[in-house]
Number of protein chains: 2
Amino acid sequence: MSDLIAKARALDATDELAERRELFALDDGAVYLDGNSLGALPRHVPERMADVIAREWGELRIRSWDESGWWTAPERIGDRIAPIVGAGPGQVVVGDSTSVNVFKALVGAVRLAGDDRDEILVDATTFPTDGYIAESAARLTGKRLVTADPRDVPAAVGPRTAAALVNHVDYRTGRLHDLPGITAAVQQAGALAVWDLCHSAGALPVGLDAHGVDLAVGCTYKYLNGGPGAPAYLYVARRHQARFDSPLPGWNSHADPFAMTTGYAAADGATRGRVGTPDILSMLALESALDVWDGVSIEAVRAKSLALTDFFLECVREYVPEGRVTSVTPEAHEERGSQAALSCADAPAVMKELISRGVIGDLRRPDVLRFGFTPLYVGFADTERAARILAEIVG
Amino acid sequence: MSDLIAKARALDATDELAERRELFALDDGAVYLDGNSLGALPRHVPERMADVIAREWGELRIRSWDESGWWTAPERIGDRIAPIVGAGPGQVVVGDSTSVNVFKALVGAVRLAGDDRDEILVDATTFPTDGYIAESAARLTGKRLVTADPRDVPAAVGPRTAAALVNHVDYRTGRLHDLPGITAAVQQAGALAVWDLCHSAGALPVGLDAHGVDLAVGCTYKYLNGGPGAPAYLYVARRHQARFDSPLPGWNSHADPFAMTTGYAAADGATRGRVGTPDILSMLALESALDVWDGVSIEAVRAKSLALTDFFLECVREYVPEGRVTSVTPEAHEERGSQAALSCADAPAVMKELISRGVIGDLRRPDVLRFGFTPLYVGFADTERAARILAEIVG
């Protein structure tokens with residue numbers, strides 16, 4: 001037995017999160033390193049959804065909007081996500097896609113910043129949709145769009161900046177950006193900090209309240225395991241809620257939606273971030289999936305995540321011939337999210353072969369092999385095996 | 001046996017859609033007249049969703065985006081809805097809420113109309129969310145918002161009008177507006193006609209292509225039985241697609257989404273109306289639910305719908321003491337959707353009692369009792385019974 005196999009066993013044996021894996025449907029023997037794209041299915045979700053569909057929809061029908069708590073699901077589920085991202089209650093609301101929430105957050109931030117600021121600053125390395133939506137938000141609000149590498153944001157913000165939109169973890173490289181430092185720099189310049197948490201929520205502590213973030217968005221189908229295309233969320237810090245002015249003021253965000261008045265009057269609190277009728281099936285699957293977080297500390301998740309990526313990079317160095325792959329994920333813990341990204345000349349063919357051999361990662365064109373480490377269900381033996389099979393393929 | 005009970009039996013006996021009811025979970029003996037708020041559950045949907053959740057998500061996981069056809073679901077399901085609203089293929093895409101789609105459609109229409117037109121005209125009797133979103137669209141595009149009763153739209157449109165947003169059927173009164181005539185008048189003025197089909201799609205022929213509608217939106221959880229908060233759809237007429245310029249250009253509408261380029265390049269066709277990652281669970285429940293439409297002609301649905309509302313109003317006239325309720329739904333067939341709305345002084349208490357006695361309608365504050373007639377599963381005996389119980393309550 002190689003030293004690394006023995007090390008993996010030892011690490012698994014002392015992993016306090018190891019037993020969480022049993023909560024997930026992962027019976028096919030695959031090493032699933034794509035939970036940062038689509039989280040695995042928590043085992044109990046099918047039974048809950050059978051009840052939602054057959055009883056809540058099928059039997060109670062319209063009564064479920066009240067009796068099954070459908071109407072209040074966006075705020076209730078927001079409050080379940082809140083502790084995972086370090087937010088107190090009443091500031092997170094679930095609904096719509098991440099893209100739509102980026103639009104709400106950015107236009108909202110621009111309006112909060114006031115008319116004398118005419119620039120939106122956006123992360124130059126952002127997941128594309130944020131950039132596209134930022135461009136639309138800029139066009140519709142008459143602002144200028146400026147881009148900067150997240151590390152250069154503190155230098156790039158200034159008196160013209162209304163808001164800066166930054167990804168907490170780079171979707172491609174796995175680089176973790178300095179949320180506290182960038183937030184402080186943006187605010188010192190009088191602008192608002194808007195964070196995209198898609199690749200950090202559920203993988204590491206975010207500390208939205210502690211670091212005074214202004215607005216944030218994130219998806220729920222990666223580390224939160226909410227299901228394919230599960231609704232995203234919007235965080236609006238309590239101090240901004242009374243002035244938050246959504247560009248999508250649908251009837252669900254009205255102060256008295258069933259009065260059905262002609263004039264719009266915004267609800268208080270996180271509800272102001274709602275738009276139209278929530279997609280209940282996807283939303284309640286997410287709510288059920290969040291049960292796997294009960295009793296989990298995000299600090300323990302972070303510790304295991306770093307141990308997993310450290311160990312994976314160690315196994316890659318040990319097993320894979322020099323020069324075949326190059327890690328684009330930072331070595332420093334404070335700069336690393338919960339994935340390892342390896343550049344590789346023949347990445348498309350290598351990923352195809354990895355998947356056929358049961359190591360499920362994904363490809364980021366043209367040349368990045370991306371492996372996500374989800375501490376609730378990935379173990380160290382999985383990690384060693386993934387690196388070993390990678391070495392066999394590229395060796 | 002009263003004449004009306006006998007008449008109901010005779011009508012049910014010759015109803016060519018009668019057997020469709022068996023496709024729905026309606027075993028509780030209730031008279032469900034709220035399918036215009038939340039359609040009943042088609043019986044086969046739970047089994048399909050169990051497979052989507054346990055196998056497509058739980059076993060195939062990320063592979064389902066390709067192998068289970070998740071990625072192409074928005075266009076595929078759009079093409080299933082298309083014939084129900086009289087659209088040829090490639091013009092309808094499913095996703096997001098109705099409110100979000102109203103935003104896309106209106107901003108898109110304003111941009112198609114050109115800069116020299118500075119007004120958005122909106123149905124003064126609209127379902128509220130359309131008005132709120134129209135106001136936001138006007139604000140963000142620098143246009144003036146003007147309202148008019150749908151019947152006055154032809155007189156209100158002019159050289160300043162960029163787009164007119166009208167509800168096909170009034171959600172409150174059930175009044176059906178003249179889609180062909182209003183569309184023609186709007187276009188004659190050089191503006192674009194945007195229709196909200198929430199209360200008409202699946203209840204009567206819409207004829208989007210035949211009448212040359214420019215853009216349209218609608219929900220899928222009423223007459224289309226897609227489930228609570230099922231995703232809405234957007235229709236962009238083929239002639240406008242190449243110039244359709246969405247205010248929500250998320251990565252799903254990119255010409256090459258997985259290239260993940262910094263610059264946005266819009267996809268061709270209906271795909272241009274997509275935004276972010278689609279909510280797959282809600283979307284596939286809708287797709288499955290649409291099976292109940294196989295082999296149904298929308299003309300047969302319309303004929304039965306009018307027979308049902310005619311018969312309901314006849315029963316109400318016969319059973320309910322004069323003066324206790326007043327129909328606010330037009331008598332003329334060409335002005336009637338698929339619901340009957342009765343104003344009633346003590347409507348809240350009456351609806352509460354109706355529901356407790358198994359007649360499920362809904363209340364539109366302050367004084368409207370609203371009864372939706374869904375021809376796929378409501379019969380004439382149900383209709384007679386609803387009127388009879390109403391009479392017992394208000395008598």
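Numbering starts at 1 and runs along the chain as it is shown here.
Heads up, the Cβ atoms here are built off N, Cα and C, so glycines get one too.
As recorded in TrEMBL, the features of this protein are as follows:
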{"type": "BINDING", "residues": "B:Thr98, B:Ser99, B:Phe127, B:Pro128, B:Thr129, B:Asp130, B:Asp196, B:His199, B:Tyr221, B:Trp251, B:Thr277", "note": "pyridoxal 5'-phosphate binding site"}
{"type": "MOD_RES", "residues": "B:Lys222", "note": "N6-(pyridoxal phosphate)lysine"}
- Item | Nearest-integer angstrom distance between the alpha carbons (Cα) of B:Thr98 (pyridoxal 5'-phosphate binding site) and the residue listed as 'N6-(pyridoxal phosphate)lysine' | 12
- Enumerate same-chain residues with a sequence separation of six or more from B:Asp196 (pyridoxal 5'-phosphate binding site) and a Cβ-Cβ distance below 8 A; give 'none' if the list is empty. B:Thr98, B:Val102, B:Asp123, B:Thr126, B:Phe127, B:Asp130, B:Leu165, B:Val166, B:Asn167, B:His168, B:Ala216, B:Val217, B:Gly218
- Message: Just to verify: the residue among B:Thr98, B:Thr129, B:Thr277 with the fewest other Cβ atoms within 10 Å, which of the binding-site residues is it?
- Response: B:Thr277
- Listed recorded positions B:Thr98, B:Thr129, B:Asp196, B:Tyr221, B:Lys222, B:Thr277 screened against chain A; CB under 8 A survivors are B:Thr98, B:Thr129, B:Tyr221, B:Thr277
- Within 10 Å, the Cβ with the most other Cβ atoms among the binding-site residues B:Phe127, B:Tyr221 is that of B:Tyr221
- Query: For B:Thr98 (pyridoxal 5'-phosphate binding site), what is the secondary structure state per DSSP, taken as helix, strand or coil?
  - Reply: helix
- Message: On the three-state reduction of DSSP, what should I expect for B:Asp196 (pyridoxal 5'-phosphate binding site)?
- Response: strand
- Query: In sequence order, which same-chain residues at least six apart have a C-beta under 8 angstroms from B:Lys222 (N6-(pyridoxal phosphate)lysine)?
  - Reply: B:Gly35, B:Asn36, B:Ser37, B:Leu38, B:Gly39, B:Cys198, B:His199, B:Ala201, B:Gly202, B:Gly372
